Amino acid sequence: MSKSSVLIFGKTNACRPGLSKCVRCVETVNGTTGEGLSLNIQERKQLAEEWIHQGKDKLDHVIIHVGALSLPESQELARHAAAIGASGIAVIAPFFFRPANKDELTAFLQKIASEAPEVPFYYYHIPSLTGVKIRVEELLDGIKEQIPTFQGVKFSDTDLLDLAQCINKNEREQFAFLYGVDEQLLSALAIGANGAVGSTYNYLGRKTNLMLQAFAKPDLALARKYQFLTGEFLNFVIKLGFGVAQTKAVMTFVSGIPMGPPRLPLVDASEEFIIKAKAKLDSIIWPDGD
Ligand SMILES: CC(=O)N[C@@H]([C@@H](O)[C@H](O)[C@H](O)CO)[C@@H](O)CC(=O)C(=O)O
């Protein structure tokens, strides 16, 4: 089964040798790219176990997404993630019967977080897929009292006003904001996001690391150059039809590791897509050798 998305984490802790300064390797498992919601509970556990095993001594953190429509299933996955030593759990909002307000959403999240009381908890905000548009800024109000393990938000939304308000209110810097719209990461960094989770880092990770370095310098013109490369690729493939299935095809031809077919209703990327996307990516990755 397929890989999930890589997270590039620009926090202040010690850096590992071989990585650019302050970039940490974190894997988020069973999220969107990994089609976690299309897997059964056994498959999700198996994938989580494998990532914890394979990531030992290689990854700084492995965060397992344990969100599900069924609360008991989600709780079971949270307990399992804790038992296998996950460094964090993440949960999306339920998306069939949706919470109507912040209190209902918090109550749902709390019931899951409390099953893993030692494990840092992240809310995975991805309204384009869940349809739950409750503003994160509102959700954060008093969240620590309800969910003591609350650690931050995987923020996969283009609403930078909401993100900015979250960061503005996070005076004690107790929460992490991991941004999930790769083509807008530079804007989110400027506002104060302190990490990123995304699918393109599986194949444009080096360019993104270079962007992070340029941003840290700061050399904004150079940072923009790298951000625009991700944008140029996405802009190209979106016109061909782009989603998780196509992401997997790109990850397969870049890494040589077969990601496996997507699960219905997603269908495999076409040969035409693969040829065009590969040519485009080659033209982006290789010109200057970095
Ligand atoms: C809707 C979606 O798939 N969003 C991606 C982005 O990385 C996205 O592919 C990228 O920004 C291109 O639009 C991530 O936020 C998803 C993600 O991190 C995950 O796999 O959990």
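The chain as shown is numbered from 1 upward.
Positions of Cβ are set from backbone N, Cα and C atoms, glycine also.
Secondary structure from DSSP puts THR33 (pyruvate binding site) in coil. The number of other Cβ atoms within 10 Å of the Cβ belonging to THR33 (pyruvate binding site), over all protein chains shown, comes to 23. Residues annotated as pyruvate binding site in TrEMBL: THR33, VAL197.
A strand conformation is recorded for TYR124 (active site, proton donor/acceptor) in the three-state DSSP classification. According to TrEMBL, the active site, proton donor/acceptor annotation covers TYR124.
According to DSSP, LYS154 (active site, schiff-base intermediate with substrate) sits within a strand segment. Other Cβ atoms within 10 Å of the Cβ of LYS154 (active site, schiff-base intermediate with substrate), summed over all protein chains shown, number 29. What TrEMBL records for LYS154 is active site, schiff-base intermediate with substrate.
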LYS154 (active site, schiff-base intermediate with substrate): which of the recorded positions THR33, TYR124, VAL197 is the nearest Cα neighbour? TYR124
Could you give the Cα-Cα distance between THR33 (pyruvate binding site) and TYR124 (active site, proton donor/acceptor), in whole Å? 13
Starting from the Cβ of VAL197 (pyruvate binding site), draw a 10 Å sphere and report how many other Cβ atoms land inside it. 28
